[in-house]
């Protein structure tokens, strides 16, 4: 092991293993995860090529091969539990994706959520064994997050009891679905249902697109790959054009809405239930944000402990991580990664809890969960996106090379800001919920859950525009006090946004125009609300930690997360008279102190994430810290190094020289 | 040639028809786009020449850029080599002058996607570091490509910090040779462009050791590949450093030197030389050494960094008037996404930056000329300031342009993730510049050092005449101004004096705070280096505020000079206002902190800012048209002049090699056996 890293690990004040247990959920889960990981690592069937040196079509082929092996091995290892599947795939996929991924993450869950028992019986078994490879085709070339704008139609023909699926325009061509281009033979297609001459909005249909056996596109189907992307190179994101293509009536997913053989439309009991998959995927993305950020952070911090750049003092080359500016870049990101880990597991638990109540017919918590996941999905993916890029930049020039692994992490993660609901649209959905809650509070209703702080608004406690009510005593080392001031900031910005919305509405007639003219402020308010939620959940988590050493270590991360946030958004806290200038000075000073406090534990804190090198896919972030030898070995594998003299020399350089 | 015919790519059948949604944007002509283009080109004659050059590349498929999206790294590199070769032939045929604008315009037309970028830099390094004889020997060889040179400075373990480099050049008086050697693996030269497969020679920066003494970094011309068959020479290990986010045309390479001997004459010796007996002599100061570095940095800013941001703005803005989503009024058709306030907030700041940085680059070039002329008459006094202005501009422009391009990319939703949008390539091109040619944090700290030095000077010479000695960019330190901003209402914040003063005040305050902090630490016994490190976060903050102030100031000065073009002046002033106010809102804490701005004043700034968004929105398409990029060089299915986004996206996707056949060998090879094995288990 590299001596620098050995020193770092020896100097840590806590045992990272204990934090690993906390992140996994229990020591038993950590044990089981490692057991699975070690099985994979010792299995010769998992010798796969390094994606970085492959062309796009080679990567596609390698990914398909890997998926096939994974299916086989999961059967062999008896892995079926969702957590275990996740661990299994996380290790093997590393920073990449699998073309059959949507079969598992969208096709099957949608079938389970929206299909009748008969439909599940028919489709579920073949799709788990990949006889049917399904994808989920919602987005069209001209239409994304705004669902109602989709143009694909499904017109019912009672004579033959079929739906005619049609893509009427260029903009209606299904565009982007993963695995659609070359891999899938079925797609769940979202289309406008038309029956008895009337449009009933979007419904889901199972559409066969390729012939089982030959894998050739079926007549009436035009399907293909949408071309190269920023990342996802191994994924065949595709397009799909359906030309008055007929499918049987039974292919409409009919657990909720139905079309009778004669064409009669039967409305679903509640349209909220179809939210299910969407809410699940979005709450999952919060956890994904935490994972990607944690990986990037592991790489950058380990590398910074190994890299010796300039000298703080002549003759004493210090590792990069001793530079205050480097700590200031990386440690707040480390704290954020921990915050999001805890928020991610909270979201997962909440989803399962609420899903159970839904099962028992209780839908009361669904609106808040829906609003919470939308906003937090946007908040965490935006923050993680910026954080990953910051980690890459903190690795200097080598961060730009694929050897660092961070470019792959970035390009694989960044679509999360636009897919499953574009982030600005997500923020505004949560804003709509917050405005509704605000109105309820104004009309004297008591609200519950994470928005309950808005109950205090009408009373004298929070008066956003008045000077000198605040600050009260702010203890910048106290989690409760910090949570409180984030709450005040959120309340103030929500109040301002609501008032300016009302103001715009009194000037203009249309609600939509007023909404648009307030939207920048609404996004700002929602951002503050989400920030408060993250701070609160992190503070709550601290209370649940038994071990005093671990609690102390995480408490410092909590303080850094909250105080750094205040220092970045100092304007909000000053303008609302939540804090004074001299308190801000204290905050800034305390942030710098915390950097020094966290410094000795930095490497141990990323070790606690417990990523195997294969998952990180990084030469710079190796556990053993032997960066440079391996960097050289890695470069030698570059396809351009296969010959000593590159052909371009003969073709272009030679003639260039001889022309003169 | 009319400007419109020029912009529309010929040969695309749908270009006959301009999309009505973009046509309607151009109907409103609040200013003359052509005149603004001329202004950006710094003269109508340049515009004409540029279009002439650009038109040369339009019909030749060898110059196509779309194809590169579907290439492997290797094929892309090959294509860039071919383009460089064809360009060279063209330049010869048309007798283009060596350092003329034609070559710059050709590079722009090809989006810089050609090889041998560093060869030019290395040639310039020989000119500035070499003696007269050395220049006479090597430069003609470079210019006729008899040798291909790279500039090998960065090592695997060492980047922006020059003194840390490990490569050694030890003088051997017995043979009058230097022995160039990489003593460790971290000493391997890593990243230099044109090194991986191309270079025959390297300008190697190495630690000079003669007569047993270390003499610091010097440059040596080292032959690395055979002039006959291009194989590496004995003692040389060289190759490609492997795949990167972008820069497929850069040929970044590595180089290990195992006791490679070069003659004494190969040390570039304008500023220092080693006599045959090993005596080391310095000749004059190396201060004008700055000049080539300044030229390289300014060139990167104007030819790579700024155009990337401008193109991203063109693409995202055009796409945002074609893309429709949701309704603003229930009775309306779906709205153009550019009509959403949140979309305006995302896109109009990058647009304002595009113009702000253009004018900053122009003022930098003017200052450069000024300083260069002074150097010609042996006055080097302006060089430190020139160096710092360039350093600060490099750090700020690359930071902000990288941020802006990525913002534009994400503002295009899912399609911004497709390479066919052109945006991922722009993003990877521009982010590279944040770490090469000096890592930005290191650069901000260099700016901070300059600020500290000048600030301390005021203290030390606190007298009536101290101001005269301050460099112009920091004269605001001593400007007498109020403790509080005098603005009374939102429209006051559209007065350039108001916001420029706000930036000057706050930058000066942050500089002062850092200086105090440093002083307190040193007075309490910390040594200089520790004190500096413990202040570095606030030093970077001060340097950033200073750079922002400099940009606002140069933009404002440029707008002032446009009195003869009132319509253009008006639209550019709005962008200048937006640029200044955006910065205040993004970091309002530093303005509120000492009470310079009050809470209600920040609200006024916000009101003024939101009003500006809707005003600038009306001119947004024309303001991006004025950059006058050809469709070919934008290379974007989303951003073409005619607005036919979806047809082009569909057509380009058909070019994907994955669509060549309906066969799927991977499916047959791996999925079908899997299904069979599964079936047999049932």
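Including glycine, each Cβ sits where the backbone N, Cα and C put it.
Automated prediction, rather than curation, is the source of TrEMBL annotations.
Computed from a predicted structure; not experimentally measured.
Positions annotated as active site, proton acceptor by TrEMBL: A:420. The DSSP secondary structure for residue A:420 (active site, proton acceptor) is coil. For residue A:420 (active site, proton acceptor), applying a Cβ distance below 8 Å and a minimum sequence separation of six or more within one chain yields A:278, A:281, A:282, A:285, A:377.
Annotated FAD binding site per TrEMBL: A:139, A:178, in sequence order. Note on residue A:178 (FAD binding site): other Cβ atoms within 10 Å of its Cβ, all shown chains, come to 25. Mapped onto three states, the DSSP output places residue A:178 (FAD binding site) in coil.
Annotated domain 'Acyl-coenzyme A oxidase N-terminal' per TrEMBL: A:15-133, in sequence order. Residues of the domain 'Acyl-coenzyme A oxidase N-terminal' (A:15-133) grouped by DSSP class, helix first, strand second and coil last, total 90 helix, 0 strand, 29 coil.
Marked as domain 'Acyl-CoA oxidase/dehydrogenase middle' by TrEMBL: A:136-244. Each residue in the domain 'Acyl-CoA oxidase/dehydrogenase middle' (A:136-244) has a pLDDT score, and their mean in this model is 95.
According to TrEMBL, the domain 'Acyl-CoA oxidase C-alpha1' annotation covers A:275-435.
Residues or ranges marked as domain 'Acyl-CoA oxidase C-terminal' by TrEMBL: A:478-656.
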**Q.** Among A:139, A:178, A:420 (the recorded positions), residues with Cβ under 8 Å to chain B, listed in sequence order
**A.** A:139
Q: Using DSSP, tally how many residues of the domain 'Acyl-CoA oxidase/dehydrogenase middle' (A:136-244) sit in helix, strand and coil.
A: 3 helix, 50 strand, 56 coil
Q: Under 8 Å Cβ to Cβ from residue A:139 (FAD binding site), same chain, six or more residues apart: give me those in sequence order, or none if nothing qualifies.
A: A:174, A:175, A:176, A:177
